[in-house]
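Undergrad: The feature active site, proton acceptor is assigned by Swiss-Prot to Tyr197. Residues annotated as NADP(+) binding site in Swiss-Prot, with similarity to another entry given as evidence: 54-80, Asp105, 197-201. As annotated by Swiss-Prot, substrate binding site applies to Ser184, with the evidence given as similarity to another entry. Look at Swiss-Prot and you will find 10-30 tagged as transmembrane segment, backed by sequence analysis.
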Amino acid sequence: MDSINKIINFLFPLLTLYALLVFYPTYQRLKSAVSICRNLFSENVAGKVVVITGAASGIGEALAYEYGKRGAYLALVDIRGEPLFHVAALAELYGSPEVLPLVADVSKLQDCERFIRATVLHFGRLDHLVTNAGVAPLYFFADIEDVSKASPAMDINFWGSVYCTFFASPYLKKFRGRIVVIASGCGYIASPRLSFYCASKAAVIAFYETLRTEFGSDIGVTIVAPGIVDSEMSRGKFMTKDGKLVVDKELRDVQMSVLPVESAERCAKAIMRSVCRGDRYLLEPDWIGCVILLKVFCSEATEWVARWLLIARPKFPMMEALSNKILDVAHAFNSFFSFPHY
């Protein structure tokens, strides 16, 4: 077997280069033709039944309104009841024929079975599943005292998606539906303090890429990798090393610095267009793709830059990180050049 591997090691790079030179241009032309057809004959979701998890805020909320505008029936899921009912009422005002709000915890297997079953019993079908619920643990791995407190990242971000998909897939297959996976650019790009978040999103991407191969044409899978989108997370709501959700704006400033925050509405519109076209992937905004390319071809440099920007020198406080100093300069610049409005 070792000799076979040696032969493959020699031949495969040559065959790969040949394939790229000969077949890649044709492949891209075919992709362009398919993309044009998908734009011309995009899916009409009016009258279809859509389940959205994490629908009480952020991308999930904005997607509920986008689906509502297009006339879809909605089953909205979130662990927070009051904001969920508010979103459900607004989604109906936006045009959804009927909205079913369901309070549930996606990290619990029984809850996922319950809300999928309730959706199918109520509407009689299921066409789209949007797995959006997630939390963002934000701390250094070395600071953890009890590693079991890190489990919510996988329980919610990964297993929450898996559980929903397990119970929804028979119905999605029956109606040739689609799974819309809200992953993250962090699933491709490592970032200090986000080890568990990055790991959970990378697992989500790998899981659904594998499922797409298994499902074939029976169930479509669109994997979305957003950048920083206006949400509770982008406003500083993170999970601590003790497993508690807190708002820490100072930590938010260090971690996100001057990176642009995209509105949830803009992101949801891009996702909606991508879903209706039947896209396999969506990187939103587009510059996320450039960062991923830099990581692939200059991985050492991107890791060094992330550490240089986001981690303060030893024995210095967190706020001494270069990312926070850049933000301070940006604030000072804005204050200096701002003019009163009359």
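Heads up, residue numbers simply count up from 1 along the chain you see.
Using the three backbone atoms N, Cα and C, a Cβ is placed for every residue, glycine included.
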Undergrad: Given a 10 Å Cβ-Cβ cut-off, pick out the one of the recorded positions Ala64, Tyr197, Ala199 that has the most other Cβ atoms nearby.
TA: Ala64
Undergrad: Near Ser184 (substrate binding site), which residues of its chain come within a Cβ-Cβ distance under 8 Å, counting only those 6 or more away in sequence?
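TA: Set apart from Ser184 (substrate binding site) by at least 6 residues yet with Cβ under 8 Å, we have Gly134, Tyr197, Cys198, Lys201, Ala225, Pro226.
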Undergrad: Return the count of C-beta atoms lying within 10 angstroms of the C-beta of Ile59 (NADP(+) binding site), excluding that atom itself.
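TA: Neighbour count, Cβ to Cβ under the 10 Å cut-off: 26.
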Undergrad: Tell me the Cβ neighbour count for Leu74 (NADP(+) binding site), meaning other Cβ atoms within 10 Å of its Cβ, over all protein chains shown.
TA: 31
Undergrad: Below 8 Å Cβ to Cβ and six or more residues apart, same chain only. Which residues does that give for Lys69 (NADP(+) binding site)?
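TA: Correct list: Tyr94, Gly95.
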Undergrad: Report the same-chain neighbours of Ile79 (NADP(+) binding site): residues 6+ apart in sequence with Cβ closer than 8 Å to its Cβ, ordered by sequence.
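TA: Spatial neighbours, sequence-distant, of Ile79 (NADP(+) binding site): Val103, Ala104, Asp105, Val106, Ala133.
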Undergrad: Tell me the Cβ contacts of Gly54 (NADP(+) binding site) under 8 Å, same chain only and six or more apart in sequence, or just say none.
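TA: For Gly54 (NADP(+) binding site), the qualifying residues are Gly60, Val77, Asp78, Val106, Asn132, Ala133, Gly134, Ile182.
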